[in-house]
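This report concerns only the one structure given below.
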Amino acid sequence: MDAKKPYVIAIIIQLIYTGMFVISKAAFDHGMNTYVFIFYRQAAASLLLLPMALLLERKNARSLSPGLLLKLFFLALIGITFSLNLYNVSLKFTSATVASATTNAMPVVTFCFALLLKMEVLKLRSSSGIAKLAGVSLCLAGVFVIAFYVGPALSPINHHRVFAPSHTSALTSSAPSRMTWIKGTFFMVLANMAWSLWIVLQGKLLKEYPNKMLMTVTQCVFSAVQSFVVAVVAERDFSKWSLRLDISLLAVLYNGFVVTGVTYYLQAWCVEMKGPVFLAVWNPLCFVFTIFCSSFFLGEIVNLSSVVGGILLVGGLYSVLWGKSKEIKNAPCGKVNTMDDADDENCHHKPQEQEQPTSASIVEQV
């Protein structure tokens with residue numbers, strides 16, 4: 001039974017992210033302001049994580065220097081505040097299916113940033129290098145298919161929406177214009193690029209300050225303050241900030257507590273047991289779940305472009321992962337580049353060395 005636990009946990013994680021895509025999209029369809037939503041989400045996450053950090057890290061915490069706090073402030077600004085706000089705007093413009101599909105490109109985008117920062121290598125004469133390049137090409141093709149190709153529509157499974165918005169908001173949200181759809185798709189890609197850059201930069205900062213819990217909590221608090229400023233500028237009518245007992249409140253609580261709290265722990269446990277590549281391999285399962293759930297609960301009409309584009313993105317993900325695994329298998333012990341933390345079992349790290357994220361990592365949502 002213990003051997004099956006990582007597989008069960010990996011599936012649960014994908015189900016939680018499926019719920020995040022579907023419930024968030026439902027809240028936006030009901031008129032929830034995306035900027036206000038991010039502030040409430042980060043505030044709820046801070047209220048959850050801050051007491052945990054004070055309880056668990058009060059004896060081990062080192063003092064955070066002003067320079068380190070400034071770095072964490074800008075990390076939170078890039079990878080959380082900017083990324084999540086742009087991501088949720090794009091989710092409002094497109095669909096839960098597109099959001100789930102483009103998430104598969106994150107490990108590939110992270111690999112590209114790592115390559116630019118010379119934390120990765122690309123050997124075009126090797127099969128692993130060709131696989132990585134093919135993965136990047138497939139991801140680019142998937143994004144362009146989602147943005148510019150429409151194709152026939154697939155009828156929703158359930159025509160009676162479980163999360164049915166009001167008549168007015170349904171009219172405005174059910175059929176976005178073609179230009180809005182294209183803009184939303186590329187906003188989604190840009191949000192994933194910001195998130196991927198955050199993954200790489202955080203990996204560098206972990207060498208300087210290896211306490212993951214305090215880094216996460218500090219960035220979460222910073223992002224809550226930053227998101228409040230953004231929300232005040234974007235929505236000055238404070239009557240629209242009120243939370244009622246509807247899908248909007250459920251979305252805030254779900255994202256703030258379940259996604260941030262539960263998934264943070266489950267991902268850390270799963271990566272520790274099986275490695276980050278194992279977790280990344282399960283990511284496409286979320287895409288399948290989201291197609292079904294968005295159709296059933298939201299009544300979304302899924303276009304063929306989203307399915308074909310999603311398949312290309314998944315193919316790009318697996319191609320990069322295959323190239324990484326082959327590179328690690330063929331590399332001599334200790335010669336794997338700094339982005340690899342899934343070294344051969346015979347390669348033993350020193351106790352003081354910190355595990356770094358890989359281009360295939362699915363880093364915990366903050």
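Using the three backbone atoms N, Cα and C, a Cβ is placed for every residue, glycine included.
Noted in TrEMBL for the protein shown:
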type     : residues : note
COMPBIAS : 354-366  : compositional bias 'Polar residues'
DOMAIN   : 7-147    : domain 'EamA'
DOMAIN   : 183-321  : domain 'EamA'
REGION   : 342-366  : region 'Disordered'
TRANSMEM : 7-28     : transmembrane segment
TRANSMEM : 34-56    : transmembrane segment
TRANSMEM : 68-87    : transmembrane segment
TRANSMEM : 93-117   : transmembrane segment
TRANSMEM : 129-150  : transmembrane segment
TRANSMEM : 181-201  : transmembrane segment
TRANSMEM : 213-233  : transmembrane segment
TRANSMEM : 245-266  : transmembrane segment
TRANSMEM : 278-298  : transmembrane segment
TRANSMEM : 304-322  : transmembrane segment
Checklist line | Selected stretch (most C-beta pairs under 8 A with the transmembrane segment (245-266)) from 34-56, 93-117, 181-201, 278-298 | finding: 34-56
Margin query: Looking only at the recorded stretches 34-56, 93-117, 129-150, 213-233, which one has the largest tally of CB-CB distances under 8 Å to the transmembrane segment (7-28)?
Written below: 93-117
Margin query: From the DSSP assignment alone, can you count helix, strand and coil residues within the domain 'EamA' (183-321)?
Written below: 120 helix, 2 strand, 17 coil
Check: What parts of the chain pack near the transmembrane segment (93-117), using Cβ distances under 8 Å and only residues at least 6 beyond its ends?
Finding: 17-18, 21-22, 24-25, 87, 132, 135-136, 139, 142-143, 146, 176, 180-181, 183-185, 187-189, 192-193, 195-197, 199-200, 280, 283-284, 286-287, 289-291, 293-294, 298, 300, 302, 306, 309-310, 313-314, 316-317, 320-321, 324, 339, 357, 359-362
Next item on the list: Give residue numbers and ranges for long-range contacts of the transmembrane segment (34-56): same chain, 6 or more residues beyond its ends, CB-CB under 8 A.
Entry: 24, 27-28, 80-81, 84-85, 88-89, 91-92, 213-214, 216-217, 220-221, 223-224, 227-228, 230-231, 234-235, 240-241, 243, 248, 251-253, 255-257, 260-261, 264, 366
Note to self: Give the mean pLDDT for the domain 'EamA' (183-321) on the 0 to 100 scale.
What the structure shows: 85
Check: How many of the residues that make up the domain 'EamA' (7-147) does DSSP mark as helix, as strand and as coil?
Finding: 115 helix, 0 strand, 26 coil
